[in-house]
Structure formats: C-alpha cells, structure tokens
C-alpha cells in the first residue's frame, strides 16, 4: 500500500498512543489544504503526482488500520464521480425563488380560507342567508386582484422586483388584519379587497421574477414552485379550516395566521437578489455582474451581459407593447391558455364534487382536500421532469393523459356497467385528469408563456394568465361556495351543455380538445429548455436574430 507517515496527537479510544499513523493515499487526497498536511485536492486529478514514501513503514501497522489496495486511477475516478455526481447548480438561486414562492402560498391560502367558515362569518357579521352578500365577500377578492395586477409592470420598472414584492405585500397584510378584526360587512369587504390587491400584483410578479433569476438549466423546475406554493397554500387553508366546523370564531384565527407568510415575504425579499435584467436596464452594470456571478456562476457573466444588452437596446428603440399587440405574433402562443380552458379543467373541477358524492364522499372539504393532494402530487412530478424532459414533451404527454382520462369517464358513463364499477372508473378518471393536468398543462403553460413572450410584453400576458386560468381554476378547485362569477361562467358554457347533450358527449368533447391541444403543442410550440430568456427572444425576433448572426 502507498502510505504517508503523518504524526497525530494521541486519540484515546482510537489508537491510544502517539505512534505515527499511516493514512492511505486516497484519504489524504480527499483532504483540503488545511493544517500541517499542506495538501491541495484537485478534481479531476490529471497529471498530478503526490510525493509519497517509497520506503516501507518504520513500524508495523495493526490489522484495524489495514486498507484495501487502491490505485491512482481509482482515486481519480472516485473524485471525479464525487464532483460530477452532485449537481447543485440550482442551489444559489433557490433561496430567492423560495422566498418569492411565498406569494403563491398566500394566493392559495386566501382562496381556500373562505371555503369552510363563510357560513360562520355570515352569521357573526349579520348577513346570514343572503347568498349575494356571501358571494360578494368571496368574489370581491377577484376585483382587487384584477386592479392590483394591472399596475405591476410600472412598479417593477420604477422600483425593481424586490421592492415591488415588499410594497405589494403591505395591502395583503393589512387586508388580512382588517378581515380578522371585522365587526361588520363593510370591514370584511374592505379587508378582502385589500388582500386581492396584494395577491393580484404578487401572483403576476412571481413567475416573472423566478424566470429572470433562475439559471437557464433549472428555470423549468424552479418555476414549478409557483404551482407547488399555491397547492401548499390550499392544503394549509383546508387543514386549518377543520376546527371552524366546531368553533364559530375560528375564522378570525385563520385570517391572523395569513399575516405570517406576508411578513416572511417582506423580510425575505430584503435579502433576495434583484433581477439582473432590471439592474442592467437602470444602468447598474456592476451590480448586474455581481448578481449573475452569485446566482448563475462566474462563467455566465460575459455571455449573459451581452445577451441582456442586445435585448434591452432593442426595447429602448421600440415603443412599449400595447395590450392589443398581445394577440399577434409571437404572443399568439398565449392561445395555450384558451386551449387549456376548453380542455375542460374548470368543468371537471366544478363537476368533481358531484362525482365524489356519487361514491359516498359527501364532505366538500374532504373532496376538495383529495383533489388538492392529487394536484400537489402532479406538481411534484412536474418539478422533477420539467428540465429533464422539456416543456414541449411534458405538455404533449399531459394533454394525451387528460384525453385518456376523459375517455375513461365517458366509458364509465355510457357503457352498461354495475354501479360500483362505474363510480370507481369515474373517480379514477377524474383524479387521473387532475394529476395529468398538474403534471404539464397547468405548470408548463404558466412557465412557457413568459418564456415565449418578449421582455416588454411578459408582465402584461401574465395578467391574462391570472384571470384566464388561475382565479377561475382555483376557485373551482375548492368548490368555494356562493361564488357568483364562477357559477355564471361555468353555467354559461358547461352546465348548459351538460343539460342539453349529457355528461358523456361533453366530456368526450373535452377529450377531443385535449387531443387537439397535444397536436398544437407538437407543431406550434418550440422547446425552451436549456435556452436563456434572451436567446429565446432573439430567436423569435427577426431583427435581433439578424443582428446576432
């Protein structure tokens, strides 16, 4: 064995004397350059030699110190595997992304927080039995979110993403406090409206911020934290709402608890990095380089600065994007939002409570929790697959799975089966549909649209996403009671179709749209995996592409 004699102090219980210990070579190679050893580890070890003693050891070594024979090749392979096997490139940006995702947690929490205690709130504040006012308490949240989302881009342009997060979270915290301390309907409505202002702004800002601070290689996986945060907020609100069934005043505690994530978001953003694109845009070039080096690595600084400069210079030359321009190329990829809705997600979520009732699950909270956990499981799988399989492949597979799920439900409804088998297949199809939706059609659509949008239009198109997808989808996900706007929209195209044609044909149509969506994604959606936002924008902008060539 090739060894070095290294004198150690006595180690009671190990050697028990100060005799020289003979450490194997591979032990020394794994030590950093510290203390008296003076050895430096290098990985991989190419052409590196370590001076070793060619003489036999001065004293015999006990059997307990014997080590198996190991060659230099084994050492090099071992160190190379140790270095290459652990991919932690996502770690520097993860704390910043996780902090931003707290806004999505609050989004899910505030949607679900009214699911259980709305009747107790109505009784205590004096509008029990008035379905319009009960619906207003829930849906005024949407009005506040709409107004809050419209001003995000101007705040970001002026203050940057970090300070915009902090400013937008202030009305969210105040709204939760007003709601928790409300003694009449007006105070509750003002509280819910303020919460909506903050949620609307932050929900649009989160995917934009995450896409701009995440390393290109991990942007998809880190972007999935948006949906995971919302799912966790939903599950937390449902779990904390259980005591409200026995305690009529528990809803106040639930609203007080909502303040805690808000304070975490404000405090955490004080230590988060700013978007490098915004820093460069306002002329803080040195800070831009420092941020890129911190979260993406020193090797990415020069290339990223060059790409950001190209895109920013083009933005300065062109006028700001109008809302109507979002309907033309390249933003027509936003039609994914429309296909997503016509694939039936809101109808399935609305109808799922009836499906669960057919098999004896009469508790709406239990049914909502089951749907929420299925959605969360799909989001976790999406997190692991987003950057491995790519957005396009995941989107295609998701829509194919949704189509199969719809056809399974149609089979259970139309083919003569015993009642038990029919109900089991319906439940299986419903949960499979929600799982496959959460696996691709849900998170991928939310990630790929900002990726395919220009720097100027990115914030505007996320406002479309907020109301074409998120608000309606998650309101229905929990079966929130008395939400007039949701009932109206669903009844407008879904319930009327069910009444006229039956559940089977309508679900079959949803399956057909899902197949069409898979075809659309196959031929019209470009893969964005492994490409920076600037690379994508340059490739889709003819003028920038010509300059780049």
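Cβ from N, Cα, C; glycine included.
All TrEMBL annotations are machine predictions without curation.
Residues annotated as domain 'Major facilitator superfamily (MFS) profile' in TrEMBL: 96-529.
As annotated by TrEMBL, region 'Disordered' applies to 46-68.
According to TrEMBL, the feature transmembrane segment maps to 132-153 (among others).
Residues annotated as transmembrane segment in TrEMBL: 189-210 (among others).
The transmembrane segment annotation in TrEMBL covers 222-241 (among others). Beyond the ends of the transmembrane segment (222-241), by six or more residues, the same chain brings 90, 93-94, 97-98, 101-113, 115-117, 206-207, 210-211, 214, 250, 254, 257, 365, 368-369, 372-373, 375-376, 379-380, 382-383, 386, 438, 442-443, 446-447, 470, 474, 477-478 to within a C-beta distance below 8 angstroms of the stretch.
What TrEMBL lists as transmembrane segment is 253-273 (among others).
The feature transmembrane segment is assigned by TrEMBL to 366-386 (among others).
Outside the transmembrane segment (398-417) by six or more residues, the chain places 343-344, 423, 425-426, 428-430, 432-433, 435-437, 439-442, 444, 503-504, 507-508, 510-512, 514-515, 517-518, 521 with a CB less than 8 A from a CB of the stretch. TrEMBL lists 398-417 (among others) with the feature transmembrane segment.
The transmembrane segment annotation in TrEMBL covers 423-450 (among others).
Summarising the annotation, TrEMBL assigns transmembrane segment to 471-494 (among others).
Summarising the annotation, TrEMBL assigns transmembrane segment to 506-526 (among others). Counting residues 6+ beyond its ends, the transmembrane segment (506-526) has Cβ neighbours under 8 Å at 333, 335-336, 339-340, 342-344, 347-348, 391-392, 395-396, 399-400, 402-407, 409-410, 413, 441, 448, 452, 494, 497-498 in the same chain.
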